């Protein structure tokens, strides 16, 4: 008779995952491994084995799967199934999705038990192992080891359930089984949900069939090992599944519900001979033998310890608690008749073999000895050839393996060699990235220092060049003077040279004559003496003439040398002058670059200040929103605390109820039970609210933690920005640490409150008190009274819900009306903001055109200046005057830039005012604005003068130095000549508008009309020239936007300032080219 055994149930608690840690989830499960007990929120469960989060895969295999190996080889069917919530670790425990390259520590139950089976089989050929794998996806049975994913049918024959058409594959080792498992897992249905990025969407069953033929006892057996990885139960609210994922989850839950009903039917002690609903779903149909049938079954329930999954964990433990009460009746899968037939067949085969051997012996006796020897020789040769061929093939295989190994090693060495430079380059890039922020923050000061150093070096080089030019010029002048003197001397001594040469020739002739006469005449002694004296005199004169001629030749050589030196000095002087011009150009270019950089730096500085201001506004708004959110959270926390106290009171009241009660006491007890149920339901709602609050607070905590880590990693020099941002680095660190402490406190409060409420909810949903209440009913009258009370309570709750729904609808209607009203106001404000942005854009375009015009004029002036410097001539007086007027025009252009910046600040203020007005949600007009007036008009009125933006600026109001054409001009040095006739008249406004040839645009000018007014301005820089700024007389029309003038906006006006000295236009492109 078959032995009745229960299903063994083990519980595995996984560790907290990263998401749960990030949400600061607390553990609500306590494991008592030695006692094989587990507690969740105070409720205890006992199972066959308990595994805490520190348990390894090997320990689970040794406790759950290893004992089944003996049963498998004894001929019993075995089943191991994993059940639990999605993301609880079922697939990891079973090892369904393992690969061949997985480490030994990560191997699951499947790979370990298959390895154990083949180790026990060893080299025996008495066993045959086959494998198959299927999945149940949306109630469809699909073969995972077949590519064409056709739906298969479940059949039953002689009480055995099987899948028709399921492919079976023989396996001979662990690697073959893992390859089949990997192939099946690749075809298994998986999907991504909010709780698990690789969630299994189907039930998977990996089956091993072992056929054994033991020599002892002449028995044959065929056992099956089912390794089942059930899909996890899901809550759509948590998985956030939609569409196909939602349908999959519904099918999974239906299958698990049917499995739970089968377990409930099998464990129902009162229902003798009750029908077991195996045929409801495919999974229960295939597990028919495993649950209450012919199998040794082990169930591993995987649970999550997080309090956010407390309900799912409690449901899994209850599910497993019911499953351990299932009783199975395993039997050995042996067919006695087949064993007897097989024995007879073996006996017959052995008799036939003996008979064949006897017949072969008789035939061999009659064979010739020579024939026998030849046959043996041929067989030996053939065997030697085969061995030689086998040896040759082994050598080829070895060479190929070595060749492949060498190639692999070469590739590996190459990869290792390349890895070093790549890692170094990566580290270098990381260092560069880490230093980018510091470089960006110090780049401005570096640029200024570099420009200053470069300017100093250029000035020093320029001074050296000028000094060298001066020395060269002095040397050149000295050389020229010497050369001139030598030329004069050469002109003076030219005639003398000719005379000396003629005289020298004459003296030579005379000398020769005297010598001949002295030789021929020896008588006349006195005459010869005179001739000798004359000869000596001639020799002296001849020597003197030769010395004189040598001096003259030396002077000629000196003259040639001085000419060459003069040419060389002239060339060097020319090169130095070119170098001076080049240095001047370079200095001017550097000044232009620095000026452009300064302009861009000022803009960036302004943008940065605006960003800082916006950041302060955003931080204030975020802080206000956080305070409001925290206030709401505290209110909800207080409500949850109050609900917890009410639930505690209801539980305390319900526990004091007596077992025996009359009618009135029964109604009171029923009311108490209903109050407990209502309080528990309300507490569950508050639990979800507390969980969501803890998630949000944990996210904020992580964000602040990252900010603090980033702040601690940054060096102090890098954090310094040069502006007073209101929060220094140390103060910011303290503020963040204080916020982290507050958030940690809030999270701990919610965690403790959540754990307390969950414990009370678990106690409230306990079946013991309800069973005690219903067992107290003695007759149908009491039951009828209880049902009437429940009916009345249901009606009252429904009525209350309807009333609250009406109130909610009314509030929603009011909110919609208020929303529409504020949307209209917001539309108006946005329209005004767009108009302001359009105005800012037009001003920016105007400024860009002015900058372009000025840049072109400045470039032309620089080129003209360079041409004049290269021409080496002084500037005419009218050019100097016009250059001074150009400086004044540049100053006015600077005033225009300042006006534009002022206007932009006003628009920023108006934008901020609009934002504050929107935040205050006022129903009346904005402060400072009258109804029916636009925002821009109100801003212009607040600024004091709406026309200042279009032209008129006072020269005295700007005192900043302005750099133009390499000359620093202080506008404070330009002042009117305040004489007696001008002291009574106030400073008038001037506007200046150059009209270039290439760009013609419409501009407006605001010029105050003064009758015959003439102001004289003096430039403090040399040369001191008086320039008259003449305005139009009163009777002539003046272009502008003053109240008295007739201004045509469609006309083009050009305001020119003329000098009394030349009465010509100040700036034109051909100003200096005509000179």
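Each residue's number is its place along the chain shown, starting with 1.
Glycine is no exception: its Cβ is also placed from the backbone N, Cα and C atoms.
The model shown is predicted, which means the values in this text are computed figures rather than measured ones.
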Annotated region 'Disordered' segment (source TrEMBL; candidates 957-976, 977-996, 997-1016): 977-996
Where TrEMBL places coiled coil among the ranges 641-693, 694-746: 694-746
Range annotated as coiled coil - as stated in TrEMBL, picked from 819-853, 854-888, 889-923, 1029-1063: 819-853
Chain-internal residues, separated by at least six, CB under 8 A from residue 89 (ATP binding site): 12, 14, 302
84, 85, 86, 87, 88, 89, 90, 91 excluded, remaining Cβ within 8 Å of their centroid (ATP): 14, 82, 196, 232, 302, 304
Packing count at residue 90 (ATP binding site) (other Cβ atoms within 10 Å of its Cβ): 26
Intrachain C-beta neighbours of residue 86 (ATP binding site), sequence separation six or more, cut-off 8 angstroms: 193, 195, 196, 199, 231, 232, 233, 234, 239
